[in-house]
Amino acid sequence: MGEDKYRDEVAIISTPSRSQRFNDDHMVALEVEVPETLHQVGTDSWFQVGVVLSTGINSAYALGYAGTIMVPLGWTGGVIGLVLSTVISLYASTLIARIHEYGGKRHIRYRDLAGFMYGRTAYIIVWASQYANLFLINIGFIILGGEALKAFYHLFRDDVHMKLANFIAIAGLACVLFAIAVPTLSSLRTWLVISSVFSLIYLTITIALALKDGMNAPPRDYSIPGSKINRIFTTAGAAANIVFVFNTGMIPEIQATVRAPVVDNMLKALYFQFSLGAVLVHAVTYVGYWAYGSSSSSYLLNNVSGPVWVKALANISAFLQAIIALHIFASPTYEFLDTKYGIKGSAVAVRNLAFRTLVRGGYLAVTTFLSALLPFLGDFMSLTGAISSIPLTFILPNHMYLIAMKKQLSSLQRSWHLVNVVLFSVISAAALVAAFRLIAVDSKTYHAFADL
């Protein structure tokens, strides 16, 4: 009854439009409800969506995986973990993509799909979990932008007065200006090409300089640091980081922008993301760890040596790409606010510009303040993975797919999905404990607004 009541409420408060999908067996056009939104739905090619997904995993976060994944796990655990994460993440992402039109309704938001399947309580829980996930990811992007800008600045000036918090503030301001200028996720089109160029620049430079350093360096220490107790917690935290690498927690929102047939095109985008889109992430992680061993940092450009202009180019590219990537992960929040307050019409209308300036600016101001207050990037990656990435990426997709496809699944297949739900629930709980412990330890080691 709760689920039926929730569906009735949605039907009353929304004014759905209609789109067409095709029955795979008979190629018959069928009507599918599209919920009300003031952002664009069904306008983008699968390739553009694939680039959006790849932009997320090839962000400047990739410069930290040698330090936050390989160092606590070592060669064996790190390589196996990343490879398994690639395969399992692709599998879980395809599960959620296949039920995008479950029940004859296009579910353009993760919370809408959860509410449709489980009821209003699940709608609220998933909404809170997803927005916490995206908020923490955006904190990380602003920290990354600040670190990249700081590294760029100190290549040319040794200024003791400019601290990380100052550069984080500048990064936050740049994100505000970009959020005002680019109204929707689909509006990124040209920016996605620019973002891809930036990613290619800093990842290629980092790999090249790390290879040079590695070939000229003495033997490195690849031992896993810390006591046995500390290793347990850092391993759990690294497991959350591995999940974080390839997953957005917003597959329905990204799939909402793809053209029909939405399932087939989204699967193409996912295959692109987890094949060509994942090559550089693996390469920079393994090469970085090979070159610097257990001294690999959470921002690999702090480890590399080379010409000043080359390092400057890599750092400024990482800074600019972080701004674009943040916009992708902030877009569900922007879509909710724009739809709630009826922001439509010309993007340059005075009312719309004022709204984006005030509301998006306020959201990013809070994000920037927290980024500067506790700039522990690796810890936030672990917390994000534990508190939301694992549930949204592995637990819910398996259970949702089990419910949606239960009549077509064999008993063995149903058991498989239930095992996944239980297994990843345990991993999520362990990773959450580890993440809070890491933040508590670092909070004692470093003061607020630390200059890391």
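Positions of Cβ are set from backbone N, Cα and C atoms, glycine also.
TrEMBL: automatically predicted annotations, no manual curation.
Straight from TrEMBL, the features:
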- 43-435: domain 'Amino acid transporter transmembrane' (DOMAIN)
- 79-100: transmembrane segment (TRANSMEM)
- 121-144: transmembrane segment (TRANSMEM)
- 164-185: transmembrane segment (TRANSMEM)
- 192-211: transmembrane segment (TRANSMEM)
- 231-249: transmembrane segment (TRANSMEM)
- 270-292: transmembrane segment (TRANSMEM)
- 312-337: transmembrane segment (TRANSMEM)
- 358-377: transmembrane segment (TRANSMEM)
- 383-404: transmembrane segment (TRANSMEM)
- 416-439: transmembrane segment (TRANSMEM)
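Taking residue pairs at least 6 apart in sequence, the transmembrane segment (164-185) and the transmembrane segment (121-144) share three or more C-beta contacts under 8 angstroms. Only sequence-distant pairs (6 or more apart) were considered; of these, fewer than three Cβ pairs between the transmembrane segment (79-100) and the transmembrane segment (358-377) are under 8 A, so the stretches are not in contact.
Here the transmembrane segment (231-249) has Cβ contacts under 8 Å with residues 53, 56-57, 61-62, 65, 68-69, 72-73, 77-78, 81-82, 85-86, 89-90, 92-93, 110, 130, 133-134, 137, 224, 273-274, 278, 281, 328-329, 378-379, 381-386, 388-390, 392-394, 427-428, 430-435, 437-438 of the same chain, all six or more residues outside its ends.
Here the transmembrane segment (383-404) touches the transmembrane segment (416-439). Their Cβ atoms form 3 or more pairs under 8 Å, with each pair 6 or more residues apart. When Cβ-Cβ distances below 8 Å are used as the criterion, the transmembrane segment (312-337) is approached by residues 37-39, 52, 55-56, 59-60, 63, 109, 130-131, 134-135, 137-138, 141-142, 144-145, 148-149, 151-152, 155-156, 171, 174-175, 178-179, 182, 184-185, 188, 191-192, 194-195, 198-199, 201-202, 205-206, 248, 250, 253, 301, 343, 359-360, 363-364 of the same chain, each at least six residues removed from its ends.
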